[in-house]
Amino acid sequence: MEQVAILNVDHLSGGYSRGKPVLHDISFEVGRGEMIGLIGLNGAGKSTTMKHILGLMTPQQGEIRIQGSTLAKETEQYRASLAFVPESPQLYEEMTVREHLEFTARAYNVSQADYEERSAHLIKLFNMGDKEDSLSMHLSKGMKQKVMIMCAFVAAPPLYVIDEPFLGLDPLGIRSLLDFMVQTKESGSSILLSSHILSTIENYCDRFIVLHKGKVIIQGTLEQIREQTGQQNVPLEQIFYDLVQDGL
Amino acid sequence: MNDLLKLRQQRQQAFWGEVLPYLRYVMQSGLAIVTFFLLIVFAAWYTTFLQNVPQGLPVHWILLILFTPLAIYGSVRTYMRTADIVFMLPLEVRMREYFAPAWRSSVIGKMIWLLILALVAFPFYVRADMNAKSLSLLVIVLIIAKLLGSYGSWQELRMNTAAARVGYRLLRYVLIIGLLAAFLWLPLMTALIAVVVIALVYIALLRIPGKASVPWERLIATEKNHAAGVMRLLGWFVDVPNGERKVSHRRWLSFVGNRVPWVPAKSFRFLVSKTLVRGELLPILIRFVIIGVVFVLITRESWFGIVVYLLFILLAGMQMTSLRKQHTDTLWLSIYPIPPESQRLETVKLITQTQVWITLLLWLPLASAGDPMRMILTFIAGLVAVWLYRRSLNRKWLKDIEAEAEFD
């Protein structure tokens with residue numbers, strides 16, 4: 001089936017200094033309603049790729065488009081099209097859980113009625129009912145991560161960029177998140193997800209992009225990757241291990 | 001790590017080594033000239049004031065208000081760091097070596113300020129109170145109050161339960177105010193007996209609650225607040241890195257910001273309103289306004305009162321500029337679809353609105369003195385000061401944005 005791309009990363013090279021790019025000519029797409037797993041070892045360039053997509057870093061070469069718009073030309077449209085869940089929760093200590101959701105909803109121009117409905121659903125789903133009026137500084141790391149996830153989902157943009165979302169989450173939280181990501185994807189939104197827990201995401205992602213030393217070394221569905229590597233009926237984790245071992 | 005005394009000294013030097021370079025810029029910002037000018041103006045006014053102290057001034061109340069903050073405030077700079085909870089825990093039994101000099105230098109430092117205040121206020125005391133006690137007695141009582149306040153606040157940090165810490169903090173406030181009041185109001189012998197009794201009762205009461213040998217987490221959190229306080233103070237004049245911030249829930253103020261219009265352009269106002277009511281700035285402003293009202297009240301009969309009024313309005317504005325710096329580096333403002341200029345517009349608007357309220361509050365003591373025309377003109381001058389401050393804040397912010405854009 002022909003996918004309509006929500007995110008286009010086209011020949012992206014970039015990094016922290018011009019002479020030493022971290023990313024080398026990366027290209028991939030995320031289609032509408034797709035969940036894509038971005039996988040790689042520590043330092044492979046996953047977070048740097050995400051930072052470029054978020055506009056926190058400027059590409060040295062190449063272009064990134066979300067629904068056709070670029071950050072430089074259509075800043076607000078670009079920003080309104082994506083939500084981000086960082087690896088480490090970053091919350092405002094002076095705001096409660098509910099206020100974080102409200103701040104996000106206000107920023108993303110979510111109507112008050114939609115905000116009420118979505119926040120009630122998310123608070124229940126992530127079992128945060130007794131913490132909604134707590135200041136974020138009083139939450140455990142797992143709870144903070146849940147707030148980050150809820151903030152992204154209350155915004156309901158077309159694209160989610162999610163970096164290592166399972167860190168610190170309890171098993172119920174992981175299940176709730178996975179179920180909600182599936183629902184979100186089925187409703188037409190797209191997810192770019194980075195995780196080291198390959199056995200979990202193997203069953204949830206539609207396609208995978210394997211980054212190694214700043215390059216895309218393989219991408220496709222699990223079946224396509226198996227075909228390309230000649231490893232039938234082998235779990236993703238094993239294929240990934242063989243790929244990066246060979247490339248080390 | 002074994003030489004704890006040396007370790008603390010190294011940390012102290014490292015902290016002040018970081019702060020001192022900024023002081024040059026603080027001085028260049030005109031603070032030195034303004035302080036010098038104000039000292040001269042104050043000295044001129046105070047000399048005139050002492051020559052003709054108005055009858056019926058509530059001298060005891062004025063002295064109590066002047067001495068209480070310095071006597072009660074008992075912070076100790078420990079320079080402790082987060083990693084200490086791991087690496088210094090094995091040395092817990094020896095931590096007295098580390099804390100003793102910290103406590104000593106803190107008490108001596110604050111005592112010097114208290115004694116300077118006593119020396120400045122004493123001429124007023126002897127002229128306004130026929131039964132004023134001697135300077136030496138005043139100094140001794142202030143030293144006792146300061147020692148008790150510092151010892152008490154240190155013991156509070158060690159207390160195991162939050163209820164005990166809050167209760168004993170209130171007790172410290174009440175007993176030290178009571179001690180100073182007893183000295184100021186009561187006849188000499190009764191006053192001295194009251195001071196001794198209060199001190200002994202307080203020391204005895206401090207022995208009751210259960211305490212931790214070293215309250216690691218609280219000490220580290222308190223130290224972060226102190227370091228952030230120094231940086232915040234510098235932040236009035238120069239750009240300094242954001243430190244840790246102390247946040248309190250203040251549920252009774254949770255409604256603030258909720259009525260901000262529900263549009264992306266105003267969403268930053270929602271955030272910065274919460275920052276104002278839950279951060280350290282609010283109690284600072286409240287204390288500042290109370291002190292301002294007292295100063296304006298004391299000086300309202302003379303032209304110096306107008307200078308004090310305008311000065312407090314400007315200083316309140318300077319304190320609030322910390323709001324500008326609290327969200328400069330937050331990830332979400334770079335990612336959320338919030339119009340870039342809304343951060344500046346909404347922060348400046350909130351600062352101006354709060355400053356107008358402060359202008360009004362500081363004006364109240366003036367409103368009941370002097371002729372109506374002078375009253376009204378003073379208030380208008382206050383509003384003009386707010387407007388000028390807003391203009392300068394906006395201009396400086398825009399200039400910084402331009403400089404950043406050029407750098408990028």
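Backbone N, Cα and C define each Cβ position, glycine as well.
Checked against TrEMBL, the range among B:101-122, B:167-188 recorded as transmembrane segment is B:101-122.
Proximity of distant same-chain residues to the transmembrane segment (B:372-389), defined by a Cβ-Cβ separation under 8 Å and at least 6 residues beyond the stretch ends, is recorded for 306, 309-310, 313-314, 317, 352, 355-356, 359-360, 362-363, 366.
For the transmembrane segment (B:276-297), the residues of the chain that approach it from at least six positions outside its boundaries are 62, 65, 69, 225, 228-229, 232, 245-250, 253-254, 256-257, 305, 308-309, 312, 315-316, 319-320, 322-323, 326, 350, 354, 358, 361-362, 364-366, judged by C-beta separation under 8 angstroms.
In this chain, the transmembrane segment (B:303-323) touches the transmembrane segment (B:21-47); three or more CB pairs sit within less than 8 A of each other, excluding pairs fewer than 6 residues apart. Stretch with the largest number of CB pairs closer than 8 A to the transmembrane segment (B:134-154), among B:59-80, B:101-122, B:191-208, B:303-323: B:101-122.
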